[in-house]
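Annotated N6-acetyllysine per Swiss-Prot: K73, K337, K414, K573, in sequence order, evidence recorded as similarity to another entry. Residues annotated as peptide binding site in Swiss-Prot: Q135, C136, Q137, P267, Y268, G269, G270, M271, E272, R564, M565, K566. Among the features that Swiss-Prot reports, Zn(2+) binding site is placed at H296, H300, E319, with the record citing similarity to another entry. According to Swiss-Prot, the active site, proton acceptor annotation covers E297. Residues annotated as site 'Covalently modified during suicide inhibition by leukotrienes' in Swiss-Prot, with similarity to another entry given as evidence: Y379. Per Swiss-Prot, active site, proton donor is recorded for Y384. Here Swiss-Prot flags S416 as phosphoserine.
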Amino acid sequence: MPEVADTCSLASPASVCRTQHLHLRCSVDFARRALTGTAALTVQSQEDNLRSLTLDTKDLTIEKVVINGQEVKYTLGESQGYKGSPMEISLPIALSKNQEVVIEISFETSPKSSALQWLTPEQTSGKQHPYLFSQCQAIHCRAILPCQDTPSVKLTYTAEVSVPKELVALMSAIRDGEAPDPEDPSRKIYRFNQRVPIPCYLIALVVGALESRQIGPRTLVWSEKEQVEKSAYEFSETESMLKIAEDLGGPYVWGQYDLLVLPPSFPYGGMENPCLTFVTPTLLAGDKSLSNVIAHEISHSWTGNLVTNKTWDHFWLNEGHTVYLERHICGRLFGEKFRHFHALGGWGELQNTIKTFGESHPFTKLVVDLKDVDPDVAYSSIPYEKGFALLFYLEQLLGGPEVFLGFLKAYVEKFSYQSVTTDDWKSFLYAHFKDKVDLLNQVDWNAWLYAPGLPPVKPNYDVTLTNACIALSQRWVTAKEEDLNSFSIEDLKDLSSHQLNEFLAQVLQKAPLPLGHIKRMQEVYNFNAINNSEIRFRWLRLCIQSKWEEAIPLALKMATEQGRMKFTRPLFKDLAAFDKSHDQAVRTYQEHKACMHPVTAMLVGKDLKVD
């Protein structure tokens with residue numbers, strides 16, 4: 001497979017050298033908000049006469065670099081903003097092709113590391129102990145340790161992490177024991193081993209007052225004790241989802257599949273860290289209705305973690321295939337009509353995102369060009385939903401779900417433990433369906449892959465479960481003031497929480513509604529009392545876009561009490577666009593930003609045009 005440049009990394013590319021293994025020894029210092037330690041990187045030269053190599057770093061302090069017991073020279077280049085600073089290391093002897101060297105780097109992270117959020121005890125559920133978690137995707141691993149911070153390089157890792165003894169450390173690896181810290185009796189060392197090679201964006205660490213409960217033969221759910229029972233209930237379907245995923249993708253190679261429920265500031269719905277999926281507590285709806293996120297993270301164990309996008313330009317390969325698998329898992333559990341219902345909801349989400357960006361915006365392309373673009377800034381639902389739409393369209397073109405799932409399983413088998421580009425994927429698609437090349441040649445590949453805006457074709461969707469949502473939303477959107485008395489709580493009696501959410505998504509596409517309509521909707525449906533995060537989010541957006549002043553404190557509360565960017569960013573944007581709440585939104589952001597996740601704080605700041 002030809003070399004493609006990773007414009008998001010300043011390190012030597014995989015064609016020059018490859019990190020094969022990391023041994024991390026570090027200590028977590030809550031008082032100084034720093035990780036201090038050594039990263040021993042086993043690097044294999046990919047060419048003859050290699051005399052130096054470059055690693056990614058970001059806001060790191062480097063103490064020294066040691067090779068074969070000798071300190072060696074290194075230079076830290078100028079900072080290049082979100083990309084960090086290249087670190088060039090001189091090798092004491094030139095390496096020949098395939099020769100390995102162990103480079104031991106002593107480093108310390110910055111309190112402002114973009115990869116880490118340090119929480120005070122007050123920011124936790126238990127209020128007694130501090131908490132730390134990492135989020136490396138896409139390019140923040142370099143803000144924890146020097147590395148080739150590119151998904152084109154995969155490595156195994158082992159780690160020893162020293163933490164205060166009343167706390168627990170977990171990583172994206174198999175737990176490998178714990179022992180008192182010989183250097184400090186008030187601390188404990190936790191050991192970890194990840195034997196499957198992974199891109200370094202999947203390295204993850206959490207430290208806190210964590211407890212666990214077993215919910216399946218290979219699954220513990222971890223959280224602070226205040227959430228552990230609720231989480232065990234919410235995610236009880238995990239093992240049945242894993243079994244379906246293995247049926248669709250092949251054997252689960254990672255051993256353990258644990259779940260970690262994080263504090264509310266965690267910026268994503270979930271993060272597929274191997275052996276330990278991280279999830280937002282906003283999934284704790286009480287009725288398992290948001291468990292599709294678990295199906296999504298489980299699916300990444302194949303698409304993303306085994307078969308990985310070679311650069312972030314091809315992120316859709318990770319996310320499109322993962323959404324495709326996720327919806328098949330939910331289809332197996334809840335029926336094919338349910339799969340189509342979520343697929344169609346995803347098309348609506350795609351329309352919304354394209355409308356927000358503008359239909360000619362380069363970030364609405366499936367394959368993006370991230371040269372001089374921070375992947376966090378480009379991040380959106382496009383790679384998920386445009387990617388899914390392409391695969392769903394191909395499923396229908398090529399003979400249905402069973403046929404296309406056969407392709408997906410073969411794709412995973414072919415490219416496991418590798419990193420791939422869109423061209424690799426497309427070549428394999430053509431090879432797998434060599435008897436259907438005529439059909440494949442009907443696809444407008446250029447439009448699907450490289451053009452902005454909506455895809456050239458909309459797939460076919462079963463609308464059975466969506467129809468009720470559309471019908472009720474139409475009634476509201478077309479209602480005159482004198483019609484408002486015709487609505488009652490009976491309207492909702494046959495709708496699932498998924499359908500209620502879709503109803504609000506449909507109405508939101510037509511926002512603003514007259515204020516009288518919104519007040520009447522609250523009067524008959526009492527949406528303010530609903531705690532399901534997805535439903536509450538769409539309801540509050542509808543209220544603010546329709547200029548209901550009474551909703552301002554509720555929207556501000558939701559935007560700040562949790563930090564999942566899917567919710568926080570649009571809520572802040574809507575509040576800033578409403579004259580009655582603009583100043584309050586900016587003020588609230590400025591008051592809260594010091595205790596927000598660093599990436600969330602940066603992006604909300606951009607959204608609000610402050611800083």
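Keep in mind that glycine also has a Cβ here, set from the backbone N, Cα and C atoms.
Location within the structure of each feature annotated in Swiss-Prot.
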residue	record	DSSP class
K73	N6-acetyllysine	coil
Q135	peptide binding site	coil
Y268	peptide binding site	coil
H300	Zn(2+) binding site	coil
E319	Zn(2+) binding site	helix
K337	N6-acetyllysine	helix
Y379	site 'Covalently modified during suicide inhibition by leukotrienes'	coil
K414	N6-acetyllysine	helix
K573	N6-acetyllysine	helix
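A straight line from the CA of M565 (peptide binding site) to the CA of E319 (Zn(2+) binding site) spans 17 Å. Nearest Cα neighbour of K73 (N6-acetyllysine) among the listed recorded positions (G270, E272, E297, H300, E319): E272. Ranking the recorded positions G270, H296, H300, Y384 by the distance of their Cα atoms from the Cα of the residue listed as 'phosphoserine' places H300 first. Here K337 (N6-acetyllysine) is positioned 23 angstrom away from H300 (Zn(2+) binding site), judged by their C-alpha atoms. Taking the centre of the Cβ atoms of H296, H300, E319 as the Zn(2+) site, the nearby residues of that chain (Cβ within 8 Å, site residues left out) are G270, E272, E297, S299, T303, G304, N318, H321, T322, V323, L325, E326, Y384. A 10 Å radius around the C-alpha of the residue listed as 'active site, proton donor' takes in these recorded positions out of Q137, E319, K414, K573, in sequence order: E319.
Cα of E272 (peptide binding site) to Cα of K337 (N6-acetyllysine): a distance of 27 Å. Note: the Cα of G270 (peptide binding site) and the Cα of K573 (N6-acetyllysine) are spaced 22 Å from each other. Spatial neighbours are here defined as Cα atoms within 10 angstroms of one another, and by that definition Q137 (peptide binding site) has no neighbours among the recorded positions H296, E297, K337, Y379, K414, K573. Rounded to a whole value, the Cα-Cα separation of K414 (N6-acetyllysine) and Q135 (peptide binding site) is 29 Å. When every Cα pair among Q135, C136, Q137, P267, Y268, G269, G270, M271, E272, R564, M565, K566 is compared, the largest distance found for this peptide site is 18 Å. Within 10 Å of the C-beta of K73 (N6-acetyllysine) there are 11 other C-beta atoms, taking all protein chains into account.
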